[in-house]
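Notes follow the structure.
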């Protein structure tokens, strides 16, 4: 389990492993030195990067209001648990985390994706003594609950107890997630995100770019743009014109990327649907203004399965679009996620997916066996796939993609690539190229890192590869 420890003297947390579940709130607990009883908050953050950003915002407000965020249940006057409710296993993990916090501390405020609808009722019935239950992005409600149980310090002076301009971050200093919108307009049958987070609500473009600017000024080298549907950014406000640095900027994906490309950091796009207007962003990648990297949730390739999922079912056109993008930007890296064993998926449907995968030649791929989610419309579909068939198809899928990945990485051997360093152990460093997002993609492990620092870039000669990762040697600076 990973514990993120917040040090107020730094702009971001230091990550270390914890071997004591009873000592530290899990699984992503945030800790800070504390000097005063009666004003201490424990924090447990679960779920995806979008939930992580929610946690960062709550933690920032806690610090602004003068609270200390502490590393142990025993030291906390109250514990906030930010839950995940995307799939049933995540819900169980959230319930377990709430249960542990109740057992170890007893004073618990619950928020996040499980804090809405039927799931909220389950929490209240399972743990009737929780102090408060609120849904995702309910920042004011969470702070109100904290204030109600532990009033802020009367003597707190925000001019003395400084919070970094970029706020509290749970990621290492050199990269950060930038959430550009909340909610989703899609109604996929396997997903309950719209039920939890509502329809798409885009953040004002000035707020998005202002946050990015503060992050870069604080030392962030890589910005990971996230949302439920990045390519739909601004559609809810009809691409309204906002302002940044005194100039007009449309609330739209293209203009956002153009502006982010001016900041001098790596800009990585996640959760991009392959709409036609994404074509306009590819030239920015070819020109080096943003990273030539797209994370696209294809989910499947069979027209029938996609129809059952209520997803776009024109994979032939998608292949044409991918070919067009690669022609415009040969360095383009594509990552995606897929679901196998969706209700009604036949062997023929699965073979269509494997054939499509071979033709698409994606660089990075994740795959999940379909898992029922309470409240999802897919639960009512006929012909659910047996667990053993889902597992067998998952293994065949991963074997197919593993071969594609290995072949693509082998082609990089002998080339020199820029690597951003994530960790260093003596002379050995681990980092990522532009082709790899943190935590979900591959890494580059290279020697010759003595004297280097985490967050720096290093030119690395690639000397080896396996199915997912690269190895290399740092290229000495000739100057």
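All residue numbers here begin at 1 and follow the chain in the order shown.
Note that Cβ sites are derived from N, Cα and C of the backbone, with glycine treated the same way.
For 1-34, the entry in Swiss-Prot reads region 'Disordered'.
Confidence over the domain 'MTTase N-terminal' (39-151), given as mean pLDDT on the 0 to 100 scale, stands at 92. As annotated by Swiss-Prot, domain 'MTTase N-terminal' applies to 39-151.
Swiss-Prot lists 48, 84, 113 with the feature [4Fe-4S] cluster 1 binding site, giving sequence analysis as the kind of evidence. DSSP classifies residue 84 ([4Fe-4S] cluster 1 binding site) as coil under the three-state reduction.
In sequence order, 299, 309, 310, 311 constitute the residues six or more apart from residue 188 ([4Fe-4S] cluster 2 binding site) in its chain with CB-CB distances below 8 Å. Per Swiss-Prot, the feature [4Fe-4S] cluster 2 binding site maps to 184, 188, 191; the stated evidence is sequence analysis.
Taken from Swiss-Prot, the feature domain 'TRAM' applies to 410-476.
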Measure the Cβ-based neighbour count of residue 84 ([4Fe-4S] cluster 1 binding site), defined as the other Cβ atoms within 10 Å of its Cβ.
21
From the DSSP assignment alone, can you count helix, strand and coil residues within the domain 'TRAM' (410-476)?
1 helix, 33 strand, 33 coil
Highest CB neighbour count within 10 A among the binding-site residues 48, 113, 184, 191?
113
For the recorded [4Fe-4S] cluster 1 site, enumerate neighbouring residues of the same chain (Cβ within 8 Å of the Cβ centroid of 48, 84, 113, site residues themselves excluded), in sequence order.
46, 47, 50, 51, 83, 85, 86, 90, 112, 136
Could you find out if DSSP has residue 188 ([4Fe-4S] cluster 2 binding site) as helix, strand or coil?
coil
Could you name the residues, excluding 184, 188, 191, of the same chain that surround the [4Fe-4S] cluster 2 site, i.e. Cβ within 8 Å of the Cβ centre of those residues, in sequence order?
186, 187, 190, 192, 193, 194, 228
